[in-house]
Structures are given as C-alpha cells and as structure tokens.
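These came from TrEMBL, pasted as-is:
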- Lys75, Gly82, Arg83, Gly84, Glu142: ATP binding site (BINDING)
- Asn234, Asp248: Mg(2+) binding site (BINDING)
- Asn299, Gly356, Ile357, Met358: substrate binding site (BINDING)
- 36-262: domain 'ATP-grasp' (DOMAIN)
Amino acid sequence: MVRGLLNKLVSRSLSVAGKWQHHQLRRLNIHEYQGAELMSKHGINVPRGVAVSSVEEASKAIKDVFPNEKELVVKSQILAGGRGLGTFKNGLKGGVHIVKTEQVEDIAGKMLGQILVTKQTGPQGKIVSKVYLCEKLSLVNEMYFAITLDRKTAGPIIISCSKGGTSIEDLAEKYPDMIAKVPIDVFEGITDDDAAKVVDGLAPKVADRNKSIEQVKNLYKLFVDRDCTLLEINPIAETADNQLVAADAKLNFDDNAAYRQKDIFTLRDTTQEDPREVAAAKADLNYIGLDGEIGCMVNGAGLAMATMDIIKLHGGTPANFLDVGGNASEGQVVEAFKILTADDKVKAILVNIFGGIMKCDVIASGIVNAAKQVALKVPVVVRLEGTNVDQGKRILKESGMTLITAEDLDDAAQKAVKAAYK
Ligand code: GDP
Ligand code: MN
C-alpha cells in the first residue's frame, strides 16, 4: 500500500496537485481483503483472513475461523496505504495491530466506525467500515513487490526489493540501486528468466527459489488476466516454513476493462471516494477534486489546465479540475454547478468557456438553471467566448443573477482570485 514509491519510480504525467489526486483516478481500487481473496484464487499464498464489520462478527469469526490462534493481525480496511503508521482521530495509534486473540474484539471496536488518517488519506482521513482479521504468520523477512505499467517500456514492469515494510519510500530515495526493475514483454508474457530476475531482486533468505518463481509468475498472470493497472504487495514476506506470502495487497484495475471484469467492478466502494468525484462520475463529467478555493467550470481539458495554471499565477488555488466536455448537455452543466457550489471550500466560481462544439448559450442556461436549484453563496465570474456568445451573455443578463463578467482569461482569473480572497 505504498503508492509514493511507485510515483517516484514510474513516470506519471498528471500535473494537477492536491490531496485527492493521490487516488488512482478512473482506476478501480479495491480493499486489501478483496485483493487477498482474488490473489488466493490465482494461486498466490496469502494469510488466512476474514473481514468483519462489527465486534459481534469479530467474535464469531474468532470462534469459527481462528479457534486455535493465540494472536491475530487486525487490519483497518481503507482505500489508502500507510495504515501501519497512521493514527485514528480517536487517538488510537496504528491502523494495523498484532494482538492476542482475546484482545481482538477490543481493538476492532476501537477501529470500526472511526476515521483513520495516514500519509495517503489527507488530513480528513478515511472511515474504517471493516477490519480484516488475519492469522499472524511469523514473518522472518519483509520484501517489496509491485507490478505496474511503465510508460518508458510501454508495458508491464515488475519492481522488487529485498527490503519492504512501512517505510519503503525512504529506502527508495536513499538506496535506489536496491530496487530491481524487470520490464515484461506483454506479447511474450513472463519468462522463467524474467521471474528469476524478480526473485533475485527480492533476494529471499529462506523461501524456496523455484516456488518463489512460480509465485511471481502467478502474480503476473493475475495482473494481466484481470486488467490490473497496479498490483503492489508491501510487504511480500517470507515465513519460517520457507514460503513467500502476500501480507498486504493493493490492487487497481483499468476502468476501461470494466465490461469484462464485471465481478471485480462490483467491489467498488464509493464510501471511500471523494463524494464530489462520485457525483461527477454519475453525471459523466471529467472532474478531479483538489483542495483550493476557486471552483472551475471549463470546457476542454487543455483549457481547464490553463485555467488552473492562470489561477495559480494570480495567487489563487483551484478547487478542482473540471472539463464539462465538448458536448455537455444543460443537465450536465447543472450537475457540475451543483458539485462546485456544494463544496464548502469553494469561495468563488470561475466559468471559462470557449464555445466551439459546446455552445455558450447551453452553458449559460445550465448556470441559470443551476442557480435556481441551489443557493448561490459565492461570487461567480464568467468568461464566455465563441459559438453563440451573444445569446449566452443575454441569457445570463436576463436571468437577473449577479455575475462578474470577464473579458479574457487573465481578467477572469484575476477577478476570481480577488472575489475569493477579498
Ligand atoms: P500499510 O501500512 O497500509 O501498508 O499496511 P500493511 O498491511 O503493510 O501492514 C503494516 C505492517 O504490519 C507490515 O509492514 C508488517 O510489518 C505488519 N504486518 C502486516 N500483516 C502482517 C502479518 O500477517 N504478520 C505479521 N507478523 N506482520 C504483519
Ligand atoms: Mn503495506
């Protein structure tokens, strides 16, 4: 669950910054317990585990599944990493605890329904609705393993390291040579030679080499067969009985493959996502939530990026990236406006439309309709240009709404910043 490392190792080009960007956008993210089940089905060794959502379920699981275990690992299930070193808002330290079996209910009770804050969640944290109870294997060594897609080699790449665990990012920074990277020819598939190189990178101390090679091949097969964009196991560990086991699991899937991975896509947990993005996805809008103060409604991804940049240039921070697209309907514009106005942090809205295929009057009608449905609490700056611009301006004017009009992009950004921070 260490995405920071991957960001350092693999080139990523998205330049919009902000805490929500730490999510894999348009890539399904599933919980650890779901990933473990999937891995198990694909022949990968995982600890025995059960996910529970209440203390009662925990008690039952202990009786039914772990009657003879003296200790168990209790793991908060959130769609973010760094849980081990995280802190709950109720003060409890650590989202992963290894405890005596008789203490499991107590610790599960302290995690369930609580907010866990980690390096990857942002300060608002994420709610723990389930905890995963796992058998405590005696791990003799913790290593790092990941498969992702590499732009440079235009295919899957397997990353392995002999040292894994909770602070892999620091290690990657200090000792980059310890990280082994093995690109795989996606047409040929993984060869024994490739898998052996990966195992060399892991450098297991006790695990059987041939069995480890088999595990790596199974992991690769899972990655390809299930349309993963990321499969990260940190730690992949060795047990005293010479086995490799996946003691954590972070799996992301390509949204474009939803049609052929239906069983996986039913696992989507929207309660862990940015609610603004969930609403935007429903309305089929290209929206990415950020943590600034100026809400942006723009058509075209390039113009949206430019708008965000120019807001920054004038000393403001964008609250979002939003491209309403080339042929958004009035309804979509209404939805977009609702999302922007529902965001408490938004202190001003900047509408920047260059009408081409998208017509200015459609945008204008959308804004006016949205304003009828939601209370507009913040100033709105509008810059319209292009197809049907006069009609658009007339609709806005006749609506009686108080709008700040702008002549060009610079003017618009300046006015929005002034309105937001006055
Ligand atoms: P993350 O912090 O969100 O990546 O959560 P992990 O699942 O990686 O758990 C954090 C740490 O807890 C790991 O690095 C391990 O050191 C430890 N841990 C997790 N699962 C087990 C387990 O089954 N057995 C033992 N002994 N330690 C575990
Ligand atoms: Mn981990």
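Cβ coordinates come from backbone N, Cα and C, glycine included.
Here the structure is a predicted model, which means the values were calculated and not measured.
Situate these features within the shown structure.
Every protein chain considered, the tally of other Cβ atoms within 10 Å of the Cβ of Glu142 (ATP binding site) stands at 18.
The Cβ neighbour count for Asp248 (Mg(2+) binding site), using a 10 Å radius and every protein chain shown, is 27.
Sequence-distant contacts of Met358 (substrate binding site), defined as residues of its own chain at least six apart whose C-beta falls under 8 angstroms from its C-beta, comprise Asn299, Val324, Gly325, Gly326, Asn327, Ala328, Thr387.
Taking the domain 'ATP-grasp' (36-262) as a whole, pLDDT averages 95 in the prediction.
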Far apart in sequence but close in space: which same-chain residues, 6 or more away, have a Cβ under 8 Å from Lys75 (ATP binding site)?
Glu32, Arg83, Gly95, Val96, Val131, Tyr132, Leu133, Cys134
Where ligand 2 binds, which of the binding-site residues Gly82, Arg83, Glu142 are close by, with Cβ under 6 Å?
none
Of the binding-site residues Gly82, Arg83, Gly84, Asn299, Ile357, Met358, which ones put their CB under 6 Å from ligand 1?
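Result: Gly82, Arg83, Gly84.
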Return the member of Asp248, Gly356, Ile357 nearest to Glu142 (ATP binding site) in space, with distance defined Cα to Cα and candidates limited to these binding-site residues.
Asp248
For the recorded substrate site formed by Asn299, Gly356, Ile357, Met358, name the remaining residues of the chain with Cβ within 8 Å of the site's Cβ center, in chain order.
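So the extra residues in range turn out to be Gly300, Gly325, Gly326, Asn327, Ile353, Phe354, Gly355, Lys359, Gly386, Thr387.
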